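Engineer: What TrEMBL records for 101-115, 415-428 is compositional bias 'Basic and acidic residues'. Among the features that TrEMBL reports, domain 'J' is placed at 359-427. The region 'Disordered' annotation in TrEMBL covers 93-115, 415-448. Here TrEMBL flags 37-70, 187-220, 305-338 as repeat 'TPR'.
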Amino acid sequence: MVSIDHVAHKILTYLPYVLVLIDLRYEGVTCGRDGSVDNHMEMGKKLLAAGQLADALSHFHAAVDGDPKNYMAYYRRATVFLAMGKSKSALPDLSKLKSNPSDKEEREAHSQLTKSDEIQRLVAQARSSFNDQEYVTAAAQLDTVIETCVWDVASREMRAECFIHMGEMGKAISDLKAASKLKSDNTQAFYKLSTIYYDLGDHEMSLNEVRECLKLDPDHKQCYSHYKQVKKLNKQIHSAEELMQEQRYEEAVSKYEAVMVTEPKVHHFSVLAKERICHGLTQGQKASRAISVCSEVLHWNPENVNVLKDRAEAYVQEEQYEEAIKDYETAAKHSENDRQIKEGLERAQRLLKQSQRRDYYKILGVKRTAQKKEIIKAYRKLAQQWHPDNYQDAEEKKKAEKKFIDIAQAKEVLTDPEKRTKFDHGEDPLDPESQQGHHHQHFHGGFQGFNPFGSGPFNFKFNFN
């Protein structure tokens, strides 16, 4: 027969691994407990599973007080003490093992110890695999350990390191979050969580986690140094977005350029900054530069819908309508129900069709972004150049008359906000085919043009027939 003192001694040796096994061994044992004790046990289990150790401990205290003979309550309370790093507090509860075991209980205890030996062996193998940089093997071995010893912090932290080396950051985050709850002062888990989020480009979550580290230890050197970096970057990004919202695009672009200086090494932040610079340049009518920056981002991620839309708009500003159509069509494949893409594509298609006909901007030789003052200045210059009175030859006069009318119509459309908006959206407000039933000006019979130089009307007559 196995000595119970020997059993207890081995259990204390394998304390982190045997607790859960003992926990399972007593599952279902009532020990004469009443409904109140059952409730405390159930609540304690739920809180323990959620990592809320202090609250779980309170319920197990109440369960022990309610039923001092309840072995399950002692073992669960010991589990919580151990998870909190209070092994000395766990020992009195574990001493309950010495209470007159039957032969069957001794055999079961021996079986549990055999299992604990197996877990200990797996932990040793996992550490050896980890040291040999065989991270996939180590992670698989630790899976088996953690399935039984759910609250073993060291195993979770080692598996998290395996996941980091394997590039499975989501799984690493899950293990580290559990470790940060299971060990009450786990500053290192919070620090690693913060650095992982930072490397993934999530500055908000990185800042949250490093703050948790500093709550536990305000003087933690790694956390404090990292905190200063994340806080600075976070502030720059927020400031840049506020400038975007205020339509101060040039300043927003400068702020995102500062982000790349603050953090030049993390690829995710470089991509974020350039994506937003692409947007700011497009909105700020800096089309040529926008196309260059947007193209750089799309080289990294050809399916970035927001950047495809921004580059398409920049192409429209540059009157490269076919390129704009390609970008909108590519974006539509990845975001079928995006109304902005649909409207942008239709507009680019109209503008392409329009460019193959009459273009009032080209007639006056101004850009689509030209202000009213620039348009009037261009109109006056061209009106003087193409005034029909300047030409004596009949053919040349006829050509000048047509040109002069085009110039006058271009000025009419581009200096009228409503007509210009229609034209910018691919409609010609002076074209009967484009404007069904829309009233527009016709030149016929004679023409008495406004003198663009302020010295009265031009008095000339000519026949358009």
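Each residue, glycine too, has its Cβ placed from N, Cα and C.
Please go over these features one by one and say how buried each is and what sits next to it.
Structural biologist: Summarised as a single figure, the pLDDT of the repeat 'TPR' (37-70) averages 84.
Same-chain residues lying 6 or more positions outside the repeat 'TPR' (187-220) and placing a CB less than 8 Å from one of its CB atoms are 157, 160, 164, 169, 172-173, 176-177, 179-180, 226-227, 230-231, 233-234, 237, 266, 268-269, 271-272.
Long-range contacts of the repeat 'TPR' (305-338) within the same chain: residues 275, 278-279, 281-282, 285, 287-288, 290-291, 294-295, 297-298, 344-345, 347-349, 351-352, 355, 368-369, each at least 6 residues beyond the stretch ends and with a Cβ under 8 Å from a Cβ of the stretch.
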Engineer: Let me spell it out: take the repeat 'TPR' (37-70), skip the flanking residues so only those 6+ beyond its ends count, and list any with a Cβ under 8 Å from a Cβ in it.
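Structural biologist: Distal contacts: 31, 76-77, 79-81, 83-84, 150-151, 178, 181-182, 184.
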